[in-house]
Amino acid sequence: MFRQMDSTGLQDLHFWQDSASGLQAIIAIHDTFRGPAIGGCRFIPYPSTAAAITDAIRLAKGMSYKSALADLPHGGGKAVILKPAKLYHPEQLMQSFGRFVDSLGGRYITAMDSGTQTTDMDNIATQTPFVTCTQTMGDPSPSTAKGVFEGIRASAKFRFGSPDLNHIHIALQGLGHVGYALAKLLHAAGARLTVTDIDPDKVAQAVTEFAATAVAEDEIYDVVADIFCPCGLGAIINPDTVDRFKCAIIAGSANNQLSDNHQGEMLYRRGILYAPDYLINAGGLIFVALHHSGQKETVIQQKVTQIYASLSELYQHAEADKQPTSHIADIRAEMIIRQARLAAQ
């Protein structure tokens with residue numbers, strides 16, 4: 001565990017158990033030198049506690065990088081709630097988690113993530129002010145989708161010469177809150193969609209609403225498309241899949257898309273343009289961070305649309321340096337975080 005923390009630069013790792021509610025939760029705080037750590041709370045099944053810890057640590061680091069490149073006054077954090085083995089009361093579970101968050105005294109601000117909803121954030125908010133994405137504030141998913149849409153347009157401009165997505169074929173993996181909202185934007189822009197998801201009802205809905213083509217979950221990697229758009233869980237670009245992609249661009253909303261840094265190098269060697277996940281999917285973080293600080297909606301959405309320019313500039317830098325885009329993004333984020341840590345000494 002300590003080796004994991006050291007290798008990722010994690011500041012601290014917190015655990016909470018509450019027998020009364022059945023809560024077992026983990027909060028990973030990667031960095032607080034640029035401001036309070038911020039990041040979502042996941043409530044999904046894990047094969048083991050070790051897998052949950054690894055996910056929290058990786059995601060917290062990604063949130064630090066995301067905050068840094070989005071120029072937000074925050075570090076990265078992530079929470080994971082383990083699914084209780086016995087029957088539980090959701091309100092009590094989330095209220096207990098709220099007390100966990102509050103015990104950290106503002107070092108971590110929680111938000112929605114996979115498996116949690118605005119109603120969960122409302123329950124957490126009864127115990128702590130260090131929470132976003134309540135029903136009053138709203139769902140960050142549309143802002144995430146909007147940012148990814150802008151990033152896809154920037155990617156198309158860089159690779160194909162035009163940001164116009166009309167008739168562009170996009171293989172979209174994952175039709176959750178963000179994935180479905182993104183599919184709607186892509187369809188409206190004239191893109192042709194091939195989709196997959198673990199939920200057959202979501203797939204059927206996309207086929208009806210967007211005239212999408214449906215494929216099985218594992219078949220999505222073999223679809224010949226202009227753009228592959230991962231919008232589910234992470235590590236989908238790995239040694240088993242990296243040679244299967246038949247696309248010019250990979251750009252989507254999923255976190256931690258690369259199973260390791262080597263996969264970014266592999267995509268570069270194959271000539272596939274990769275949009276670093278923590279840059280292209282920062283729209284949701286921008287939404288929750290700026291809402292939490294009291295910014296107006298117009299200001300928030302203006303910053304979300306800046307993802308187009310940020311990604312375009314990174315592509316130009318990577319091309320000039322003849323380096324993978326993932327490598328350039330990592331260097332930039334690490335430099336920003338390192339400078340903040342040095343300034344605090």
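Heads up, the Cβ atoms here are built off N, Cα and C, so glycines get one too.
According to TrEMBL, the feature active site, proton donor/acceptor maps to K78. Taking a C-beta cut-off of under 8 Å and a sequence gap of six or more, K78 (active site, proton donor/acceptor) has these contacts in its own chain: I27, A28, G39, G40, C41, R42, D55, A56, I57, L59, A60, M63, D113.
Counting Cβ atoms from all protein chains shown, L175 (NAD(+) binding site) has 24 others lying within 10 Å of its own Cβ. According to its DSSP assignment, L175 (NAD(+) binding site) is coil. Under the heading NAD(+) binding site, TrEMBL lists G174, L175, G176, H177, V178, G179.
DSSP assigns K78 (active site, proton donor/acceptor) to a strand segment in the three-state reduction.
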